[in-house]
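S.K.: Once you've had a glance at the structure underneath, I'll fire off some questions.
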Amino acid sequence: MARAKIALIGSGQIGGTLALLAGIKELGDIVLFDIADGVPQGKALDIAEAAPVEGFDASLSGASSYAAIQDADVVIVTAGVPRKPGMSRDDLLGINLQVMEQVGAGLKKYAPNAFVICITNPLDAMVWALQKFSGLPANKVVGMAGVLDSARFRYFLAEEFKVSVEDVTAFVLGGHGDTMVPLTRYSTVAGIPLTDLVKLGWIEKDRLEEIVQRTRDGGAEVVNLLKTGSAFYAPAASAIVMAESYLKDKKRVLPAAALLDGQYGIKGRYIGVPIVIGANGVERIIEIELNKSEQAMLDKSVASVEGLVEACVKIAPALGA
Ligand code: A3D
């Protein structure tokens, strides 16, 4: 059987890491694309030269023309600019929206059947614009944010409780970052909800709140340390899990930005919710009942995404149609 084809639009920090992980996991042949001539070619060659050492078989190539992504099965989009210290994700909107228009046109022409994972920030607005620009069906275009946000939450909790990261599950909803909604009653250690662990005396409520806040600020914490860009290892690992679930029809239940059609009272917007990813792309959007404070947090998150979408429509009125 022919190998799957994975196209990476953007070959920067995340793009390069995606290529390495996709290679090591033997998910398929990999095409790196970027406007910076030489970068995708150089990274492809470098990773191909790691293949004999790591023992994986994959063809890797770099390109500066969209024709190279022809008939890709999975496309992961990181093209654009990342944050620098002091910048919010929203500061990236104007530049990255133009990039999404170009990427959307490339997808429409060369990879209309692909499963597309957008990572470019501000995530919830960019994935919405990318789906519109590309015209691809909504079940084939998703945004990566929730897997990363919940991974950060899981890591901090595992450190706090001195337990394996594998035994901590986390449930997050909403937009990426500052307004994400971590649901503590659905986040667990080996199935025991965090709210019960508070009652059992594992952790004080205030300490748990601090960890939730650190999770919300998780991206900025890395940006402030790196100074020259934003996180890339964990974001890449998070998108790879989503790609793998699609390619292997694993039907993983993962938090991701999906186009909602009335779920959680939201229509026509991409918001982070738990979804099932299988061979048909987004196979299910999982809706749970929220209590008052959870609903209030989600409403705030949705309002901030709405503001970004409106800003996109101002710049590119065709998106509003
Ligand atoms: P970076 O290392 O700068 O890579 C971006 C690449 O995009 C560069 O190589 C650019 O040359 C390339 N590029 C710019 N414009 C175009 C274009 N028009 N067409 C094709 N390629 C282009 O950034 P990065 O890899 O660190 O981050 C990429 C994006 O991911 C940024 O927008 C980040 O803000 C975002 N990001 C999102 C998350 C989420 O959880 C959603 C996490 C971390 C980063």
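Each residue, glycine too, has its Cβ placed from N, Cα and C.
Curation does not apply to TrEMBL; its annotations are automatic.
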S.K.: Of Asn96, Asn113, Asn139, which does TrEMBL put in the NAD(+) site with Gly10, Ser11, Gly12, Gln13, Ile14, Gly15, Asp34, Ile119, Thr120, Asn121?
M.R.: Asn96
S.K.: Where ligand 1 binds, which of the recorded positions Gly12, Asp34, Asn121, Arg152, His176 are close by, with Cβ under 6 Å?
M.R.: Gly12, Asp34, Asn121, His176
S.K.: Which has the fewest other Cβ atoms within 10 Å: Gly10, Gly12, the binding-site residues listed?
M.R.: Gly12
S.K.: Round to a whole number and give the Cα-to-Cα distance in Å for the pair Asp34 (NAD(+) binding site) and His176 (active site, proton acceptor).
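M.R.: Spelling it out, the Cα of Asp34 (NAD(+) binding site) and the Cα of His176 (active site, proton acceptor) are 25 Å apart.
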S.K.: If you measure from the Cα of Gly12 (NAD(+) binding site), which of the binding-site residues Arg83, Arg89, Arg152 is the nearest?
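M.R.: Looking at Cα distances from Gly12 (NAD(+) binding site), the smallest one goes to Arg83.
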S.K.: When DSSP states are grouped into helix, strand and coil, how many residues of the domain 'Lactate/malate dehydrogenase N-terminal' (5-143) land in each?
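M.R.: The domain 'Lactate/malate dehydrogenase N-terminal' (5-143) comes out at 69 helix, 25 strand, 45 coil.
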